[in-house]
Amino acid sequence: MPLCFPLQDQPPPAMDPPATPPKLPQPQLRERTERMEPSRSRREERLRVINTHLNLARRCHKDAAQKPKPVSIGWRGTSAVEAVGVEVELPPKGLEEAHITLLTPPALKFVADLTKQFNSEVDLMLNERVRRKVELDVTGNRPEFLVNPQAQAPDWRVDPAPRRLQDRRLDLGDVSPANTEHFVAALKCMVNGIQTDFDDGHCPTWPAQLRGLYNVFKAVHGLFPDIGDIGSLPVLMLRPRAWNMIEHNMLVDGREVPGPLFDFGLLMFHCAGRLMQAESGPFFYLSKVEGANEARLWNEIFCWAQDQLGIPRGTIKSCVLIENVLASFQMEAILYELRHHSIGLNCGIWDYSASFVNKFGHRDDFVLPDRNKYVNMQRHFLRSYMDLVVHTCHRRGAHATGGMVATMLVSKDSFLVSQVTSAKLRELMAGVDGFMVYDLRLVPVMLKLYRTFGFINQIDRVRDDVKVTPADLLEMPAGGVTLEGLKHNVAVGILFIAAWLRGQGHYVYKGAVEDSATAEISRSQVWQWIRHKATLEVSGEVITRKLVQTLIKEFVDAANTEIAPDEAARARLSVAAEIFEEVVTKRDFPEFLTTYLNQDHTFRAHQKLSC
């Protein structure tokens, strides 16, 4: 059974022509023209590639030019929604039923009210992220553990986990519900839960967003043929987008809606009641939380939504992914803020590692070595991080879960199985209560591993031996950079962007599933190595922009021959390479690759042509 199902290819976008430069005196103009010539050539080549791709794509999208503009829901005669100032994009072709089912006037009003209620708090939270980043940059300080007397008091625990969340041993990860075939296969799998993903493993095009939300709706309400009642299926651990993502296709009072509020609002409105009846939710993964203040915001959102829908407070349960280095200094306070809505914390190695570049990228004492050779859970900073997650969670009666096995079991390779089993065995020995796999073929392998342990969870194992200091969490692993590691990062970054341009949030490369987490660490390392003039281990060559440009060209040339089947695919690959080069050579580090893409004209034009 194939396990990575590509979404339908989408045509590439048009780009605005380069702006006309201001008039300058002739000597200055001549000098500036000479300086700009290489850049201008690259832009012209990029425009040529995109236009070629567009001409091909339009053969399959003849109606794209006639696509109507977004209309106010109120124009359909729904005065109640018009009164709350909602505008929403029309349905993409073929998704009219999903659009009508999901975006009802009451549902839109719920999302609009949710957005209005928390818009100011979301803005404050995002401003606080910026403030903390600037403070770290300006002062050169290192983070310290948060002092919070209430959270540090010895006498509190999270509320008990509901029946269906007491066993968290095995989830499927990166399951984008927009990929209907993969999602349905996951629903039939003998696992505890499914990370129903609108974040790292998902590409938030308008068609994908509607298809994914509608597929969740169908699963919850028993509308898939040959799929049982939601109470008998694996638990849906719904992962809305993180706070860095915006939903461009819905406006409330003239402002685009935060992506997580759009996802959470529609999932709650349409699914919460049925999930509660089946004792199966609503349960959520919360991505990219950076501190206790953000956990407090989510708790307020949960309380508001439950009150509005007539659901008892505490029905919602959530697992926070600790995938930011700053969050690792506030884990206990994060649990405290969500103590009535929490089932625990989760470790995510690649987003967590990339966050070091995000927060400390300009500092030469935080340069990460080759991730394939030197960055793994046995390294001191990551082992300390996992130990602290386990200790913090179990001390407060919560589950601590490990990351996802990205390996694809393409054959009955005993060595590969042994590698995967050994890595997860180490995590179990450290005290984790469960983890995720992507490949359904690894499920029996992991279940066999668990049978040797015989436990449902390890919450009673508090790990009082753990004594982690700030220095432990910030100790960078020793090691250098290999040419193969640099090439691998270049390939992963380019292929991820190319996947987004065709509407996919993840793909398989060299026997492993790659998503935004691995793309983040890949592009982050390349940016950091250029910035700090890292050298290659064997040759001693300095990593420069020119070297990276050479490797990008070599990769694209090879990929055009090996994995790009037609001119449209080659055009996408060329555009992806251009965007990747932009990202890794920016003066200031782009905080999130997905944000950069989601706000980029190229990606957004792709979305519009696909509708």
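In case you wondered, yes, glycine gets a Cβ from its N, Cα and C as well.
According to TrEMBL, the protein carries these features:
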- 1-44: region 'Disordered' (REGION)
- 9-25: compositional bias 'Pro residues' (COMPBIAS)
- 29-44: compositional bias 'Basic and acidic residues' (COMPBIAS)
- 102-146: domain 'Malate synthase N-terminal' (DOMAIN)
- 235-475: domain 'Malate synthase TIM barrel' (DOMAIN)
- Arg239: active site, proton acceptor (ACT_SITE)
- 482-599: domain 'Malate synthase C-terminal' (DOMAIN)
For Arg239 (active site, proton acceptor), the three-state class that DSSP assigns: strand
Residues near Arg239 (active site, proton acceptor) in space but at least six apart in sequence (CB under 8 A): Gln195, Thr196, Asp197, Phe198, Asp199, Asp200, Phe284, Tyr285, Leu286, Ser287
Secondary structure composition of the domain 'Malate synthase N-terminal' (102-146) [DSSP: H/G/I, E/B, coil]: 36 helix, 0 strand, 9 coil
